[in-house]
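J.: Below: one structure in C-alpha cells.
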Amino acid sequence: MSSPCALLAWTFLTLLGLGVAQEDLTPCSPIVPRREWRALPSTCKQRLDLPVRCVVVSHTAGSPCDTPASCMRQVQNVQHYHVRTRGWCDVTYNFLIGEDGLVYEGRGWDIQGAHAGGGWNSKSIGISFMGNYMDRAPPQRALRAAQSLLACGVARGALSPNYEVKGHRDVQQTLSPGDQLYEIIQTWPHYRY
C-alpha cells in the first residue's frame, strides 16, 4: 500500500476507533505520528519540563494542504527545510495543523521546540498551522483540530489547566500567525496578550 493510502487508511481506522493514535488512553483526537508522515530522525535532546504554561501559535507562511497526502508532503517539506537547509535538529514545532483537519506530530509533547525566541521555547508548546493566514482564515476543521490538541495536552498533563495561548507575534517580532488566524486565536478562552 502506498504511503498516502496508508495514511488515509490509518486516519479512517482511527476515526472508527480501531487505529492507535496515542500510546495512552487520554481523550485525544488522532495525532499523525512521525513514523506515519515519514519524518527524518530527530537529533533534538532538550526535554520540556511538563506541564508547560504556554502555547505559541504560528503559521508556516508556506503552502496550505487540505488532504492527508498533501499535508504529509507539506510537513515533510517543512522538516526538510528546517533540518537540511537550516541545519536544525528537527522541525521546530511541537505540532503542525493541516487544513485536512489533522494534527501532525513534530517534536511532540516532551521535546523543547525552537518556534519562538526570548526564552519562550523552554516554557511553551509550539503549534503551527500549515499555510499562510494573512488574508484568509484556516478552515473550521483545522481550528477544531487545534482546540482538540489543546484539550489533549491538558488531559495528558503536558499543558497546565490554566495555560495561556499566545500568537507568535506576541512573543517575537513577526507577522506570524498571520492577521486572520491571529484575530481568531484572540477569541480563544485561554488567549492572553
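Keep in mind that glycine also has a Cβ here, set from the backbone N, Cα and C atoms.
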J.: With reference to TrEMBL, specify which of the listed residues C5, C28 is paired with C152 by a disulfide.
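T.: That record, TrEMBL, gives the partner as C28.
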J.: Choose one of C54, C65: the cysteine that TrEMBL connects to C71 by a disulfide bond.
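T.: Candidates were C54, C65; TrEMBL matches C71 with C65.
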J.: Sorry to bug you, but what's the C-alpha spacing from C28 (disulfide bond) to C65 (disulfide bond), rounded to the closest Å?
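T.: Computed Cα spacing between C65 (disulfide bond) and C28 (disulfide bond) is 22 Å.
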J.: Can you tell me how many other Cβ atoms are located within 10 Å of the Cβ belonging to C152 (disulfide bond)?
T.: 21
J.: How many other Cβ atoms are found within 10 Å of the Cβ atom of C65 (disulfide bond), counting all protein chains shown?
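T.: The answer is 23.
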